[in-house]
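Copied over from TrEMBL:
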type	residues	note
ACT_SITE	C66	active site, proton acceptor
ACT_SITE	H99	active site, proton donor
BINDING	D8, H9, G67, T68, G69, V70, G71, N100, R110, R133, R137	D-ribulose 5-phosphate binding site
Amino acid sequence: MKIAIGNDHVGIELKAAILNHLKTKPNLEVIDCGTNSLERTDYPIYGKKVAKLVANQVADLGILICGTGVGITLAANKVPNIRAVVCSEPYTAKLSKEHNNTNILGLGSRVVGSNLALMIIDEWLAAKFEGGRHKKRIDMLEV
Ligand code: RB5
């Protein structure tokens with residue numbers, strides 16, 4: 001499985017913890033889309049970069065980080081076939097995959113600590129889309 005990860009300057013520290021965590025998982029390749037600089041930058045750049053990799057099936061899933069997770073997730077959702085969700089607890093993360101087949105997870109580095117973020121990621125990665133009645137609904141999201 002390939003995971004694309006992207007963040008603005010506020011997400012650098014949390015990304016480091018996430019990269020360390022993902023390293024421990026077998027059969028998982030990470031594509032780091034930056035930023036890796038603390039210089040102030042703009043979250044839409046990285047939100048769209050990751051979203052395009054996922055939409056073009058270069059990556060299977062994406063993880064995005066900014067201060068709240070909101071801006072970078074909004075940017076990703078502008079790309080067709082992207083269903084990005086910002087989560088600050090694991091229940092929504094799990095259900096967002098099972099019911100909404102989310103393909104990008106957004107996290108707020110100013111909202112969640114790293115341990116909680118890793119728990120959210122693990123729940124999200126382990127969850128499987130249930131299909132069935134949910135398939136029709138996610139198809140209806142595309143305009
Ligand atoms: C940057 O200060 C901040 O606005 C950004 O990281 C994010 O929280 C936007 O949604």
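Even glycines carry a Cβ here, placed using N, Cα and C.
Remember, TrEMBL labels are computer predictions, not curated facts.
Taking the features listed in TrEMBL, we show where each one sits on the structure.
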{"residue": "D8", "record": "D-ribulose 5-phosphate binding site", "DSSP class": "coil"}
{"residue": "C66", "record": "active site, proton acceptor", "DSSP class": "strand"}
{"residue": "G71", "record": "D-ribulose 5-phosphate binding site", "DSSP class": "helix"}
{"residue": "H99", "record": "active site, proton donor", "DSSP class": "helix"}
{"residue": "R110", "record": "D-ribulose 5-phosphate binding site", "DSSP class": "coil"}
{"residue": "R137", "record": "D-ribulose 5-phosphate binding site", "DSSP class": "helix"}
Site with most surrounding Cβ atoms, counting all protein chains shown within 10 Å, from the binding-site residues G67, G69, G71: G69
Spatial neighbours of C66 (active site, proton acceptor), counting only the recorded positions D8, H99, R110, R137 and Cα distances within 10 Å: D8, R110
Among H99, R110, R137, the most crowded of the recorded positions [Cβ within 10 Å]: H99
Listed recorded positions with Cβ under 6 Å from ligand 1, out of D8, G69, H99, R110, R137: D8
Top Cα neighbour of H99 (active site, proton donor) in the set of binding-site residues G69, G71, R137: R137
